[in-house]
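Database features, via TrEMBL:
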- GLN69, LEU70, ARG71, ASP72, LYS73, ASN101, SER143, LYS172: 4-amino-2-methyl-5-(diphosphooxymethyl)pyrimidine binding site (BINDING)
- ASP102, ASP121: Mg(2+) binding site (BINDING)
- 37-222: domain 'Thiamine phosphate synthase/TenI' (DOMAIN)
Amino acid sequence: MCPSAPAALPRPPRILHILHIQARAPSKCQVPVMRGLYAIIDTDALARRGIDPILFADAVLLARPAAIQLRDKHGSARRMLDLLRALVPRAAAANVPLFANDRPDLALLAGCEGIHVGQDDLPVTAVRALAERAGARVRIGLSTHDLTQLDPALAEPIDYVAIGPIFPTVNKEQADPAIGLPALTDLVARVAAVRPGLPIVAIGGITLETAPHLGALGVCAAVIGALLPPEGASSSDPNGPDALAAVTARALALHTALLQAKAPG
Ligand SMILES: Cc1ncc(COP(=O)(O)OP(=O)(O)O)c(N)n1
Ligand SMILES: Cc1nc(C(=O)O)sc1CCOP(=O)(O)O
Ligand SMILES: [Mg+2]
């Protein structure tokens, strides 16, 4: 399905290197800072466009985002494990943390750096217990959709909290209602008051146009659709060099827009 050896990564431009260091530097309380783009490799959205997930990941990694995630909602466990095993060395070569969505078992088998779970997935404490049994140190992210979910989430042993959807999205079935930027601003203040320094990942309908607003709030932005060509767009080869260069350009533009917006503090 895909090449298994990671492609040699070209040296990023100097400005990106500086942004990357700023985005990953540990904060005073040693929580890794997450800023910029959190790119999601969504196998369904990619399949609808005929894009290979590994070639797509290689293209995204050239932009050195803050994190990547494999989200494979409808594949078999075996396929997701194969994909994660192909992604782990690529993400490591780019020094970008790879999160597996929903499946701590597969994440641990493949050696991922992190796991993302939502309100209906395994509880965070169970994921921690599983990781401990496997002797692995992992970062865990947890989804929330409103204040009633955010408050209990902040008491969990998590490494970041996700909040969404901020804007309407077509890439999540039965998504919660979009909360908008003013409500996000309130929730960001709540996190800062209760768990200062805990990284926040905003998600849902985020585009290059809205990215600066999120960067200005000091949050990371998780993105599926804005990394992709529109569905049905005519491209002679969605996995050809021009199409993949366009993916890198979108990732770079989003990451830069998020990092260059003036964050508080
Ligand atoms: C970074 C990030 N934030 C939120 C989600 C959504 O997780 P969840 O609510 O469990 O929904 P699914 O993605 O599993 O359908 C996410 N995956 N990543
Ligand atoms: C996977 C996911 N989770 C969400 C949440 O609100 O928890 S919104 C979402 C879809 C994000 O895709 P896009 O960037 O194309 O809107
Ligand atoms: Mg989930």
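Glycine is no exception: its Cβ is also placed from the backbone N, Cα and C atoms.
Of all the binding-site residues listed (ASP72, ASP102, ASP121), ASP72 sits in the most crowded Cβ setting, with the most other Cβ atoms within 10 Å. Considering other CB atoms within 10 Å as the measure, the emptiest surroundings among the binding-site residues ARG71, LYS73, LYS172 are those of LYS73. With respect to ligand 1, the binding-site residues LEU70, ASP72, SER143 contribute SER143 as residues with a C-beta closer than 6 angstroms to one of its atoms, given in sequence order. DSSP assigns GLN69 (4-amino-2-methyl-5-(diphosphooxymethyl)pyrimidine binding site) to a strand segment in the three-state reduction.
Listed in sequence order, the residues of the same chain lying 6 or more apart from ASN101 (4-amino-2-methyl-5-(diphosphooxymethyl)pyrimidine binding site) and placing their CB within less than 8 Å of its CB are ILE40, GLN69, LEU70, ARG71, ASP72, LYS73, HIS116. Filtering LEU70, ASP72, ASN101, ASP121, SER143, LYS172 by Cβ distance to ligand 2 (under 6 A) retains the following binding-site residues: SER143, LYS172. Cβ neighbour count for LEU70 (4-amino-2-methyl-5-(diphosphooxymethyl)pyrimidine binding site) (all protein chains, 10 Å cutoff from its Cβ): 29.
Largest Cα-Cα distance over the residues recorded as binding 4-amino-2-methyl-5-(diphosphooxymethyl)pyrimidine, namely GLN69, LEU70, ARG71, ASP72, LYS73, ASN101, SER143, LYS172, equals 16 Å. In this structure, the CA atom of SER143 (4-amino-2-methyl-5-(diphosphooxymethyl)pyrimidine binding site) is 11 Å away from the CA atom of ASP102 (Mg(2+) binding site).
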